[in-house]
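Here is the structure we will look at, set down as structure tokens.
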Amino acid sequence: MWAWALLPICLTIWATAGIWIVYGMSVSNGSVNLSDGFPYISLCGTDPPQSCVFGQVLNVGAMLGVWISAIRFQQIRDYNCHSVLNSVSLAMGILCALGTSIVGNFQQSNQLETHLAGAFLAFVIGNIYFWMQTALTYMVKPTHGGCYIGPIRFCLSVACTALIVLMAVFLKMNMKSISAICEWIVAMILFLLYGLFAVDFWHLDGHYFHVKKRTVIPNEMQVSTVTLSI
């Protein structure tokens, strides 16, 4: 059912529009002074009222991220790919979403250490998640999106990794404005990578999760023998 493809598209549009709205609010009310350089995303969402919008945008985005990660995990399993990489990838996707929520709820002006921990989960773990998804793209058959989706994911993951490294390097060199630009580009790439799941979800007929009671395997059943004297 093609409607499932709207889920990752909604996340991409929601998150992209949301953080740029926060940027616009922070600039318009003077919370951010562009003459001091281009601001980090978190700096734009530090002060109210935009901090409220920032938190809501990231919380909804995190919820959608968990949902998408779970559906993608099950979709890969349904293609008879029971690789450990798929399970680890699900964990990475959930951690990325958790970090995103932490970033939105713990502003850097209030809880800097917690905020930075959330940013690490959102950016670094999120990047690792999409590296795993790139690998799974080549492992799973059929491959939706033809021969293009794999290279596109690979190139975007490479760009994301390079920009995260550059972001840290420029920050170390006290070139905060360039570092902030790298951060914004990384965020846009991650949103785009989530949006690419629309290619895979287009082919979903539906999804459901259920809990099964573990059944005892016959070979694992304990056999009791009693010797009777005759």
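Here the Cβ of each residue, glycine as well, is placed from N, Cα and C on the backbone.
Predicted, not measured: the structure shown is a model, and the values here were computed from it.
DSSP assigns Asn29 (N-linked glycosylation site) to coil, not to a helix or a strand. According to Swiss-Prot, the feature N-linked glycosylation site maps to Asn29 (among others), an assignment based on sequence analysis.
Around the Cβ of Asn33 (N-linked glycosylation site), a 10 Å sphere holds 10 further Cβ atoms from the protein chains shown. The N-linked glycosylation site annotation in Swiss-Prot covers Asn33 (among others).
Distant neighbours of the topological domain 'Extracellular' (23-50): 103-104, 107-109, 115, 119, 176-177, 179-181, 183-184, 187; these residues of the same chain sit at least 6 beyond its ends, with a Cβ under 8 Å from one of its Cβ atoms. The topological domain 'Extracellular' annotation in Swiss-Prot covers 23-50 (among others).
Within its own chain, the topological domain 'Cytoplasmic' (72-83) has Cβ neighbours under 8 Å at 89-90, 93, 133, 136, 139-142, 197, 200-201, 204, 207, 209, counting only residues six or more beyond its boundaries. Residues or ranges marked as topological domain 'Cytoplasmic' in Swiss-Prot: 72-83 (among others).
Residues 42-43, 45-47, 51, 55, 58-59 of the same chain, all 6+ positions outside the topological domain 'Extracellular' (105-115), place their C-beta atoms under 8 angstroms from a C-beta of that stretch. As annotated by Swiss-Prot, topological domain 'Extracellular' applies to 105-115 (among others), with the evidence given as a curator's inference.
What Swiss-Prot records for 137-150 (among others) is topological domain 'Cytoplasmic', and it gives a curator's inference as the kind of evidence.
Long-range contacts of the topological domain 'Extracellular' (172-183) within its own chain (CB-CB distance under 8 A, at least 6 residues past either end) are made by residues 37-41, 43, 123, 163-164, 166. Swiss-Prot lists 172-183 (among others) with the feature topological domain 'Extracellular'.
Annotation comment: Swiss-Prot describes 205-230 (among others) as topological domain 'Cytoplasmic'.
Feature annotation from Swiss-Prot assigns transmembrane segment to 2-22 (among others); the stated evidence is sequence analysis. Beyond the ends of the transmembrane segment (2-22), by six or more residues, the same chain brings 41, 44-45, 50, 53-54, 57-58, 60-61, 64-65, 67-68, 71, 187-188, 191-192, 194-199, 201-202, 204, 206-207 to within a C-beta distance below 8 angstroms of the stretch.
Away from its own ends, the transmembrane segment (51-71) comes close to residues 4, 7-8, 10-11, 14-15, 18-19, 21-22, 25, 44-45, 89-90, 93-94, 96-98, 100-101, 103-105, 107, 129, 194, 197, 201, 204, 207, 209 of its chain (Cβ-Cβ under 8 Å, at least six residues beyond either end). Annotated transmembrane segment per Swiss-Prot: 51-71 (among others), in sequence order, evidence recorded as sequence analysis.
For 84-104 (among others), the entry in Swiss-Prot reads transmembrane segment.
Per Swiss-Prot, transmembrane segment is recorded for 116-136 (among others).
Per Swiss-Prot, transmembrane segment is recorded for 151-171 (among others). Through the fold, the transmembrane segment (151-171) approaches residues 123-124, 127, 130-131, 133-134, 137, 145, 178-179, 182-183, 185-186, 189-190, 192-193, 196 of its own chain, all at least 6 residues removed from its boundaries and within a Cβ separation under 8 Å.
Feature annotation from Swiss-Prot assigns transmembrane segment to 184-204 (among others); the stated evidence is sequence analysis.
Predicted-model confidence for the topological domain 'Extracellular' (23-50) is 91, expressed as mean pLDDT. Within the same chain, the residues at least 6 positions away from Asn29 (N-linked glycosylation site) whose Cβ sits under 8 Å from its Cβ are Pro49, Gln50, listed in sequence order.
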